[in-house]
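Undergrad: Got a structure for you, written out below as structure tokens; questions coming shortly.
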Amino acid sequence: MESSSSGYQNLDESDRRISNVFAAKKQAQDFEMSNVTVVPDETYTVAQAVDAFGFGRFQVKLSLFTGLCWMADSMETTILSILSPTLQYEWQITHFQQALATTVVFMGMMLSLPFWGCFSDKFGRKTALTLCSVLLFYFGILSSMSPNYTWLLILRGLVGFAIGCSPQSVTLYAEFLPCKQRAKCVVLLDCFWALGACFEVLLALIVMPTLGWKWLLVLSTAPLLGFACVCPWLPESAKYLVTNGQTDKAIDTLKKVAHDNGKPMLLGRLVVDDVVLEEKRGRFTDLLLPQLRVSSILLWFIWLVCAFCYYGIVLMSTGLFESNNNNRTCSSNLVGGIFKTVQSCTAESHYLTTRDYIDLLWTTLAEFPGIFATIFVIDRFGRKITLVFQFTLFAITLILLFQYAKNRVLLTITLFLARGIIAGVFQAIYVYTPEVYPTPLRSIGVGTCSAMARLGAMVTPYVAQVLLKSSFNTSIIIYITAALLAAIASSLLPIETKGKDMKEEYVEKD
């Protein structure tokens with residue numbers, strides 16, 4: 001009996017051990033499951049993961065990193081309106097040559113944008129942005145050493161080529177944003193653009209009277225140096241990685257997002273809706289597929305007009321303030337040729353005054369209320385209505401210039417309103433465009449749209465800097481007409497992306 005009782009006790013003890021083992025395993029599983037978010041069908045996409053992780057510390061850091069790139073782009077374009085009057089005075093260049101110095105930068109951007117779009121679609125957003133920052137810093141420093149007008153054109157053109165990659169920072173940023181916060185965050189990113197523009201004007205106010213324009217070019221590359229230093233810490237787009245078959249790297253990136261945001265990693269298998277062959281990735285012709293053709297053509301026109309109007313206001317502001325200081329005008333003399341400096345218009349050529357810089361700063365500050373107004377409107381009324389409303393309001397504001405151009409205070413207020421509105425338009429279209437195109441075409445889509453924007457920016461100096469000197473009314477009418485046509489085009493856009501996830505794949509239709 002003692003032996004059988006002992007045996008039962010051993011069995012009971014053994015059962016308890018087994019029960020304890022199962023209990024321990026169950027606790028371990030429960031602990032593991034408590035740290036994992038389960039997707040019902042055991043598969044998930046990058047968009048679902050990003051939405052599940054929400055907005056957190058990862059997105060905040062990415063905002064700062066990409067914001068530096070955006071700030072650098074802003075400074076390199078804002079400097080054009082500041083540099084032109086100084087070059088005209090020091091090198092005695094014509095109005096046409098003055099406009100060409102601006103155009104060549106945008107020409108470099110336009111020619112490079114499709115290249116950077118294809119490059120980032122094939123080699124990744126991070127690789128493209130790293131190369132861009134290095135090239136932009138290098139050519140920015142070299143352009144400050146330009147011995148004459150011809151060398152300045154060449155080197156600023158190369159600066160423009162490098163700047164062409166900066167829209168890819170918005171693409172990278174947007175792909176890590178949850179659907180509900182995407183519009184607001186992309187628009188808020190423009191705060192860095194406005195900050196860069198304001199910083200450039202302040203820098204010019206301090207540097208130009210003492211050190212001159214060459215040192216201004218050198219010091220304006222500071223954000224580029226900062227961005228180049230943080231590039232190694234930039235994450236690669238998870239959407240890009242999974243679309244290219246690098247699922248393990250995409251999962252590692254998503255784990256980092258989850259860890260930084262303090263959220264559990266999704267349980268299941270990372271999938272893509274459809275498979276796109278590598279040789280078909282990033283093709284320009286795919287932008288004209290039946291389901292994208294109308295959107296692409298309308299977006300190209302809208303981007304062209306948006307840049308035409310935005311940079312027109314930026315360049316026009318300097319010219320109008322100059323004219324307000326000195327009402328004497330003269331015609332451009334092109335006898336000396338494009339690449340030769342000639343003695344013409346010296347009576348009205350001068351350095352910008354302190355008051356000019358202060359008024360430029362006021363008009364630049366208008367971008368901040370423009371940003372916040374766009375944030376308020378875009379998620380309440382949708383992308384299309386926002387674009388239509390802002391383009392129309394911009395055209396109405398320009399009409400006021402006919403009455404207030406000769407009054408310095410009213411001129412500054414009108415330019416303040418116009419710049420704030422058109423800055424908001426730019427951000428609305430930057431939100432809308434990446435949402436229209438699927439991941440394999442997103443970079444080439446945004447890049448091509450940006451190329452059209454640069455085409456508009458290439459044309460606008462000849463209206464805002466050349467035609468404005470001879471016919472103010474004609475110049476303003478051109479901008480008003482362009483804005484109204486863009487409002488009509490915006491109303492015809494076939495897709496409203498408000499509240500929708502960004503597409504990961506596309507299917508070719510016959």
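Cβ atoms are placed via backbone N, Cα and C, with glycine included.
So TrEMBL says this about it:
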{"type": "DOMAIN", "residues": "62-498", "note": "domain 'Major facilitator superfamily (MFS) profile'"}
{"type": "TRANSMEM", "residues": "95-116", "note": "transmembrane segment"}
{"type": "TRANSMEM", "residues": "128-145", "note": "transmembrane segment"}
{"type": "TRANSMEM", "residues": "151-174", "note": "transmembrane segment"}
{"type": "TRANSMEM", "residues": "186-207", "note": "transmembrane segment"}
{"type": "TRANSMEM", "residues": "213-234", "note": "transmembrane segment"}
{"type": "TRANSMEM", "residues": "297-321", "note": "transmembrane segment"}
{"type": "TRANSMEM", "residues": "360-378", "note": "transmembrane segment"}
{"type": "TRANSMEM", "residues": "385-404", "note": "transmembrane segment"}
{"type": "TRANSMEM", "residues": "410-432", "note": "transmembrane segment"}
{"type": "TRANSMEM", "residues": "444-464", "note": "transmembrane segment"}
{"type": "TRANSMEM", "residues": "476-495", "note": "transmembrane segment"}
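Help me picture where these features are in the structure shown.
TA: Within the model, the domain 'Major facilitator superfamily (MFS) profile' (62-498) carries an average pLDDT of 83.
If one looks beyond the transmembrane segment (297-321) by at least 6 residues along the same chain, the residues whose Cβ comes under 8 Å of a Cβ in the stretch are 77-78, 80-82, 84-85, 102, 106, 352, 355-356, 359-360, 363, 387, 391, 394, 405, 408, 411, 415, 418-419, 422-423, 425-426, 429, 432-433, 436, 448-450, 452-457, 459-461, 463-465, 468-469, 475, 479, 482-483, 485-486, 489-490, 492-493.
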Undergrad: Among 128-145, 151-174, 385-404, which stretch has the highest count of C-beta pairs below 8 Å with the transmembrane segment (213-234)?
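TA: Most contacts with the transmembrane segment (213-234): 128-145.
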Undergrad: At an 8 Å Cβ cut-off, counting only pairs 6 or more apart in sequence, do the transmembrane segment (385-404) and the transmembrane segment (476-495) clear the bar of 3 or more pairs?
TA: yes
